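Novice: What follows is a single structure, and I will ask about it in a moment.
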């Protein structure tokens, strides 16, 4: 158990309050709100108190050398008979050891508390960022991206951890410098000013570096946002990218952004290298200059003077030349991060109307719209009625979003009385079980739940799925088919006890039979006493509606009941002939019994109140996700270090770096020798020039070594990132189904962030320290060989401790990395389902789940902090013991010791131990950071799909005919997965138009996956006689066009979305847009074709996005076209135009169309009916419809008599057309 309460829920709330207060104050005073103010108000006091610890540490560091000097003085004036002096010396020895102990305790406490403060601020910021993300308005969503939010949560908030450690040094360093100068003046007089001058020169220089770091950081952050955003889109749209064979332009895009990002990081690293080298060089230069001046002024050097001066400079060296510039650098970086977080927190929020209703109001739940934005006339929707919106083009979803409050309205009245619930057009599911997706935070009432499952036609699916409704849904519902997602989405809305139901086209993603069932059992069954607003393109359901609204381009074209509209002659009625024989059964469902309804409403209201109350006591459930994320075990081997370094440099460069480091170190140490011999003989003339030469050389080599190492490590980060990305693009689609997006983004944001910034610093620091230590021990041993006696056992103890510590900490660090993934996954899925979460008022529940994930991550992070403190305390403790033994040991062995030797031993005991334990600590820290390298390397070695190009290329004009043959094809998505196509034999003739139908989950989309080799099928597929498994994936995929079920657009211009390779002229692009009815839409955009789309094209309706995908296919002019339910989300008129385009443009092509809407494929040459992965029937539509036993006939009969008759008519028409043409098919 941890010593502090970890829950992040109490701590974030005060900061939110402080921030809200600051925003209000700023509005009053007409200025920009400052997030820094809120943070200081919330955390300033406790953090300021920690400054006392830090101050105490530095005071002790200054006092210790004074005691040391007095002790050496005793040896200089050594008189065996003077007992007073001896007792005094014992006092000083006690002073030295006590100050070492004090340092141990104080430092440990200080670091523990500041890191905890940093952690608290970070957790609170994450809480606020997520809370903000849940209430962003649609306009604000256009100004931010998932990538940016992920970057804020993974990299920007980390600045708080880094800045809290060093912030206090901003005031301590100058103060300490002043104290040390006074003490030095007292020791060696005015010549100390020479050394101080160097210090004063360094401080402003490093402040300037700090500012540069800040500006580089802000530029890097923008590029990182953009890289993570692109990554997010690539991972979300990976199926499309693979089917279009667009991997190369995307990897070029990411590599380009990464190249810019790396160039900024490289600049920061050059600065860092200079900064660190100046830190290592400063001490050498300062000591050398001080004593050179001291000697030149005609003073003689004594041991105590040298060692006091060296130790004092040592105490100040760390603070002034390392912590102070680091503090400046981190402060500037944190300011940038705070500014980015503040800008995000100030984005527009959605305005939520009050949704608390009295029982009276709930009784007559209604939506009233009047002159809304001066487009819509007055529309009233009353209890128990269905309003069907018949859209053409865009506005239907806009109407729903206005009712939901997602679309702000300028003018007019919009009154909603009652609790809303909503089923979105693009079904949204979040990672978790199917049951948790349907219940969505409500309690489970088994009877009601069963009723909902039955009404939403999910009963059968639950029986088929391995764990029934406890089956885990992957990220973005990867394990479900499109129709299943749509029905789960609908079931969620139905299960809520709401007053008004907004259903945005829930019937388009399912086949006719299921659609009929949903409409009768669910929309007109379970919900029959509630007001429902149904947006639909399916005309056969209109008769059941109480009121129909026909919308066109934002205007109400017509409204009224079905019969009123028929007489008014609006164009939709021509699509549906009045069917006299149809029994008027649909209308009696809706003679609303007011009394019964209000009774239901009251009982349902009370039950929903109960469920809210009971739910308050329960903890937010931690949703299980798909498979656990893999974590490596055991040691980090030398092979990983080699892989890491080798990614950045060849073996020769590595050897060169080692050599450089050795030279730099060798040059450093003779100086110490010189100081030691100085005191024995007065300086001769040669000594100063020799010394200055050595000092200069060591400084130059030090800089070169530092820069070279940074260069190698940053290159390693770049090359590992690129290799990871290419490996990700080459891995089969299955990988993306089982790994949530947050897990992949975590490696690209957090782990790569570690490789870019923290790891190189630690690595360089460690390598320099290790060489320094070897040098120090070598020099000490040369002067006094017996110093090796205690050093060896100490080293063994240190290494044992390190091994013991790393076994735990390495795995804690790995755990910390994996517990971060769910935080990102949760964010990503929340942003996708934002409208649903808000319509269901589930923000608080999602916030709690987010906080639970955060807490889990914080727990592992805190564990890591505590284990590190444990290690530091043990190391410091051993050092303190050693210093005590040495100090008293010198006194007990006082006879026959030279002052110089004692001075050397003592000052080395103090500095060496400080260095030793810092080295061991850095090596442990480095190994912990190497877990990030390990995670990145793991992704560079993912299994790869078949090669993109092989030796065997198909002929250039292939496929010239478009003949597709399936020869005993079986298909499953993974080696251990279920077989979804079984032993399939079929032949699609050249230029033939084939419609593919079947129940949801019958294997229609799997047929496409097999054709595109998204996983390798068994059996043989031939296209124009070429065996597809023998050619490269790109050769195969570029020759077929697909219009996918989920339309995917990428951030970038409209032109880039149509033609990422720049293969076509403007004229081609405009023609393609015209053919798919989008030309007018694109012309209205501000920059026409060059307009940059919002993230994943969210400023287009789903139907329009599908048309863009169709335009892509028109451009590619391939012989084989696959259309996967591409027109499910467009209205019948547009659908008809698209079908016409397909018939004209693709006359010479083989077209396979998967469709739920039978009227889109009834005019095909043949229809293939699939069931459970097998072919049930495959023949001409007219022939199938003549046979009353056929599956197609049964499906058509379910659509109502009028529709069935018109479908039969169309099939007959096609049949006669085909018969009248000369028989082309006999060629096959």
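Note: Cβ is positioned from N, Cα and C throughout, glycine not excepted.
Where the annotation comes from TrEMBL, it is an automatic prediction and has not been curated.
According to TrEMBL, the transmembrane segment annotation covers 47-69, 89-112, 166-186, 193-213, 276-297, 306-328, 644-668, 689-714, 774-801, 871-894, 900-920. The domain 'ABC transmembrane type-1' feature in TrEMBL is assigned to 48-312, 645-928. The domain 'ABC transporter' feature in TrEMBL is assigned to 350-578, 964-1197.
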Novice: In the same chain, who gets a Cβ under 8 Å from the transmembrane segment (89-112) while lying at least 6 residues past its ends?
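Specialist: That would be 50, 53-54, 56-57, 60-61, 63-64, 67-68, 70-71, 74, 165, 865-866, 869, 872-873, 876-877, 879-880, 883-884, 887-888, 890-891, 906, 910.
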Novice: Is the transmembrane segment (166-186) packed against any residues at least 6 beyond its ends, judged by a Cβ distance under 8 Å, and which are they?
Specialist: 47, 50-51, 54-55, 58, 61-62, 66, 114, 192, 195-196, 199, 203, 309, 312-313, 315-316, 319-320, 323-324, 326-328, 330-331
Novice: Can you tell me which of 47-69, 193-213, 306-328, 871-894 gets the most C-beta pairs within less than 8 Å of the transmembrane segment (774-801)?
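Specialist: Against the transmembrane segment (774-801), the leading stretch is 871-894.
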Novice: Counting only pairs 6 or more apart in sequence, are there at least 3 Cβ pairs under 8 Å between the transmembrane segment (276-297) and the transmembrane segment (689-714)?
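Specialist: Result for the transmembrane segment (276-297) with the transmembrane segment (689-714) is yes.
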Novice: What residues elsewhere in the chain lie close to the transmembrane segment (47-69), defined as a C-beta under 8 angstroms and at least 6 residues from its ends?
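Specialist: That would be 92-93, 95-96, 99-100, 102-103, 106-107, 109-110, 113-114, 117, 164, 167-169, 171-172, 175-176, 179-180, 183, 187, 304-305, 307-308, 311-312, 314-316, 319, 906-907, 910.
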Novice: So what's the mean pLDDT when you look at the domain 'ABC transporter' (350-578)?
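Specialist: Result for the domain 'ABC transporter' (350-578): average pLDDT 73.
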